[in-house]
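Listed in TrEMBL for this protein:
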COMPBIAS  29-41  compositional bias 'Basic and acidic residues'
COMPBIAS  60-87  compositional bias 'Acidic residues'
COMPBIAS  578-603  compositional bias 'Basic and acidic residues'
COMPBIAS  621-632  compositional bias 'Acidic residues'
COMPBIAS  633-642  compositional bias 'Basic and acidic residues'
COMPBIAS  660-679  compositional bias 'Basic and acidic residues'
DOMAIN    693-771  domain 'RRM'
DOMAIN    790-867  domain 'RRM'
REGION    1-90  region 'Disordered'
REGION    578-679  region 'Disordered'
REGION    905-952  region 'Disordered'
Amino acid sequence: MRIPVLSARFGQRRGGAAGRAARGQPRWPAERGGRRAELHKMAAAGAEAAAEEEKRLPEGDPESGGDSDDEGDSDSSGDGEDEEKENEAEIQRLEEQLSINAFDYNCHLDLIKLLRQEGELVKLRRARQKMSELFPLTEEIWLDWLKDEIKMASEISEREKVYELFERAVKDYICPEIWLEYAQYSIGGIGQEGGIEKVRSIFERALTAVGLHVTKGTALWEAYREFENAILETAQLEKIHTLFRRQLGIPLLDMEASYAEYEEWSEEPIPETTIKNYKKALQQLEKCKPYEEALLGAETPKLAEYQAYIDFEMKAGDPARIQLIYERALAENCLVPDLWARYNQYLDRQLKVKELVLSAHDRAVRNCPWTVGLWIRYLLAMERHRVEHSSISEMFEKALNAGFIQATDYVEIWQAYLDYLRRRVDFTQDSSKELEELRSAFARAVEYLKQEVEERFSESGDPSCTIMQNWARVEQLCCGFQKCCSSWGRKRNVCMAGILCGLCPQCPVPSCRAHGDTQHCRKALHRAVQCTSDYPEHVCEVLLTLERIEGTLEDWDAAVQKTENRLARVNEQRAKAAEKEAALAKQEEERAEQRKQARAEKKASKKAKKTRIGDKRKADEDDEGEWGQEEELPSKRYRGEGDGVLPEEDMEVETGLFGRSEKPDGPAIPKEKASTSRKDIPKVFHDSSKDKVTVFVSNLSYTMAEPEAKLRELFGSCGEVVEIRAVFNNKGTFRGYCYVQFREEEAARQALALDRTAVEGRPMFVSPCVDKNKNPDFKVFRYSTTLEKHKLFISGLPFSCTKEELEEVCKAHGNVKDIRLVTNRAGKPKGLAYVEYENEAQASQAVLKMDGLTVKDHVIKVMISNPPLRKLPDRPEPGRASLALAPRQIYGARGKGRTQLSMMPRALQRQSNPVAKAENGMVQNSPAASSDPPAEPKKMSNADFAKMLLKK
């Protein structure tokens, strides 16, 4: 069946006074009678024109999709047949695909497009019907569907079907265009009994739904006024006055034109109340204009702009306007679950209108069926508005078939349904139908999670056995503690006594619960949620668990709202604290940079002064950084230094590194001897332009044979290796580090991924080739050294504990993202580990559950990762070996040891109480002869010491 073309329609929209003036019509007719007959004639003429056009179009008319014998040639007809066959094959393929997966949204769209192109009305109706049952349709899809059906509706029964279709369309989304189309179509039925009242009813509903729309609401008001003007009688004049006054009290675009039109139309002066409401609406429009302009200038999806508009309307507090802006946002962002969740939460807590709330929840789960939170809110809303038990159970079954993306989502939806069934049970009775239904639901939930979920996701959806624990607590309420431990534990083949009596750390019931009633426990927990600052997530979880087991729906709603508000405040406080901490850290970094810059300037000035005097000029010219060998000086290393960076002492004495500007203090080695020991090895000078294609490799074994060949084989997978420069000492022994130069920079970046790779039993450190003299702030350590609230530090682990074993212990308390076992430079474990969770709440929960746990006969300690700041002593500046700056020795209780004896000559030692020479038998300036305190000895410089020695 083909879709005919309808050339004339009645009830078309007219654009108000400006539109009538453009068409040459008077703004308002002088005579007001006889418009009802005129409107009837317009409707009848439109219907006759449509019928004549349907008869006029032949079966083969091009507009109706048929073939034409007079137009086209054989080639075009052949191409059309081929295209039709391809479309039929594609339609068949899409139908088969939808039979396999009915929730394929794009497949539905493609099928509807092809069927509409082919003109298959029956299949098109069926395809649209199936899609509308699964998903809310967009405004464009509904308008196309409605226009197609309007063209075919000629009889009264068919018009009623179109009315039903319009009713379905306005429920999916609040769209001004659909409401306007609905009102205009209803005008064609004014000739029937009660037609005028039906049109007015539709217009009133449209104004209630979208009459407050700032940019599109004016069109509905004008259409309504024009309809009333067309059927105007003297007794109905007040109705148009009322419409004008209602419109002028609402902030809409182009309000000034509507007010001027009202002034020209009205024969009486405008009432003061109307003028006052008009000015108030103008002021409100000025406040809304910035948000409307932001929406017009923004790009899709406009979430930030809509959220700012929603926050503005929330502060104003008008429920109708808040609902409308939410609906406008959802019409453009129907696949955003968070937006649906906020809208439904507002309706649940503020409006609380049953039809409106349930409709919004139904549209939410149809748009985002993969979001378990929307299904849970829907079940709670149905229970809150006392929907029948069969309907709630049916909705739960739909949720199970929605296709969630995580195994834990099925645990949450089952838990919500079991909570609903638990609240239906009267625990004062020994047995009841509701209790048996709850027990069978628990059994089904355990079996479903064990079979369906594990088979689909290859993992347990409930690793903590939350469903089974709640079942045990419910049985405790029904049968008492002893019977629950014996009968339930025997059925499940486990002993739940530890959980029920509170010995298990996972028990959510406080100790006071065993000695008091539920009401006292609830009050204590509400106070704890409000006041507790340490681990507030855990306290909130305890309160929710109590309400889940023993509370009513009202208690559950109050607990959820209280915990959400509390956690929101906690997160806000944490964010402010983090910002403050970051600001302090930034200030400290700036101060450290200033101190470092000051020291560098001071050092540079001293170096320039020495250069002017002429000291070490020759050493500065000859002593250039070299690749390959190093001078024979005792190397100094610190324990715990690694990660591919040498100690600063080694950086100064090794010719294999670059950036050295002066020789270290100490005895100079004759050049003849050094050149003799390295005469067979050529010197390779550093080329700083190749730093980006070079990596520094360290922590290698000193006994590695042929390191060049070994490392070339290891780094060959990263890219072409140009050269490997291993560092040897004067005796030809490998020093454990080298430089690997690649052809391309990308290969050097890939080589960094080999950091910590085990080579001959030791972790190999791979780091960028960076001159630390030019980049003093460069750090290779890739782990954070600040507070990380989502990461745990575990100590006391046995050395034999592996990463997999530790993961088995930790994943029971949350989703583990990463585990790092700390090792020494030789690759041996140190009994320490860092465990990273997804969020802060899981980490805090793991601290409570794992601290003090025994792992392989070792009691472990668990805490939040917050490494202490490492304070490194400042190195003395070269050339400042003054004895006056030597640190004071601290001796023990037994005095100086042999290693603490002073090596300074007695002639240079200062006496604590110097005695002057006697003249004429008197000791001058003796302490007994003078009451003045002894003068502090003058500090001596290196030049003073030299003069003293020359005098001696």
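Numbering starts at 1 and runs along the chain as displayed.
Yeah, the Cβs are placed from backbone N, Cα and C, and that goes for glycine too.
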Overall pLDDT for the domain 'RRM' (790-867), taken as the rounded mean: 86
Helix, strand and coil totals (DSSP H, G, I; E, B; other) for the domain 'RRM' (693-771): 20 helix, 32 strand, 27 coil
DSSP-derived helix, strand and coil totals, residue by residue, for the domain 'RRM' (790-867): 22 helix, 32 strand, 24 coil
Helix, strand and coil residues within the compositional bias 'Basic and acidic residues' (578-603) as assigned by DSSP: 26 helix, 0 strand, 0 coil
